[in-house]
């Protein structure tokens with residue numbers, strides 16, 4: 001453990017400053033104190049949240065996934081009316097509304113793993129290129145021991161810069177609006193474009209929800225939560241055609257997308273008000289920033305997951321585009 005006192009002679013920091021102990025480092029800009037959770041009972045660790053909080057967060061992720069999967073199949077319930085009013089009775093083109101929506105499930109994660117990193121790489125390198133270069137010469141300090149599993153966790157792609165909450169919410173808002181686009185669609189181009197967009201931006205809970213659930217539960221406690229989460233993608237295709245067919249028969253096919261919009265809007269409101277960030281690397285990065293500010297900017301801290309992390313655009317693209325191979 002690092003000493004709790006930083007000497008003026010070695011760090012240039014006032015001896016009155018009492019930095020928080022960490023895994024190594026002296027607290028200077030070139031050698032920041034590396035931090036981790038404060039033991040197994042750290043209240044900020046998502047594993048230590050109350051059972052009610054963890055269950056609530058799990059239900060939010062699960063219902064988000066259910067809404068997305070419901071959107072893929074409710075369309076089929078109104079396919080006959082959609083084909084008549086939008087696609088001029090062309091059944092093959094009408095089926096593209098489902099195909100493109102599901103195609104978006106694959107395109108969306110690919111876009112999220114590259115574009116956020118590209119933007120953050122440019123901005124971060126402009127501000128701290130010299131500091132990152134000095135740190136990269138020592139990949140893992142001798143004080144820090146990071147297991148292979150933790151290294152994989154530290155290099156997770158989608159939420160690495162923003163966190164899961166921002167990814168979910170920023171994806172969910174355009175997903176909600178895409179249902180309005182389908183509701184007002186008057187020609188095949190509009191309908192197919194909004195279906196593709198809806199699938200792409202709505203894929204966030206499908207691809208990141210499992211990680212969000214595992215963030216909150218220790219491996220021995222994940223069974224029920226993961227069962228609840230993984231059940232929802234299968235419920236959508238089962239219930240979607242039944243619900244969509246009933247709505248289309250009694251109120252017209254456009255009401256299908258109105259119902260989806262209302263359901264997605266309710267989830268969006270709940271997520272904005274109640275969803276908490278659960279991604280450990282981001283939470284520790286926030287803690288490091290907070291400790292730095294509490295020290296008056298004199299002591300520098302670094303999350304253990306950011307030790308030796310490369311922000312090279314070439315490296316990020318190579319890692320992201322090669323997963324899971």
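Glycine residues also receive a Cβ, built from the backbone N, Cα and C atoms like all the rest.
Feature annotations, courtesy of TrEMBL:
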COMPBIAS  1-17  compositional bias 'Polar residues'
DOMAIN    92-325  domain 'Major facilitator superfamily (MFS) profile'
REGION    1-33  region 'Disordered'
TRANSMEM  167-186  transmembrane segment
TRANSMEM  192-211  transmembrane segment
TRANSMEM  223-244  transmembrane segment
TRANSMEM  256-275  transmembrane segment
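Taking every listed stretch (167-186, 192-211, 223-244) in turn, the largest tally of C-beta pairs under 8 A with the transmembrane segment (256-275) is reached by 167-186. Residues of the same chain lying 6 or more positions beyond the ends of the transmembrane segment (223-244) and with a Cβ under 8 Å from any Cβ of it are 54-55, 58-59, 61-63, 65-78, 206, 209-210, 213-214, 216-217, 256, 259.
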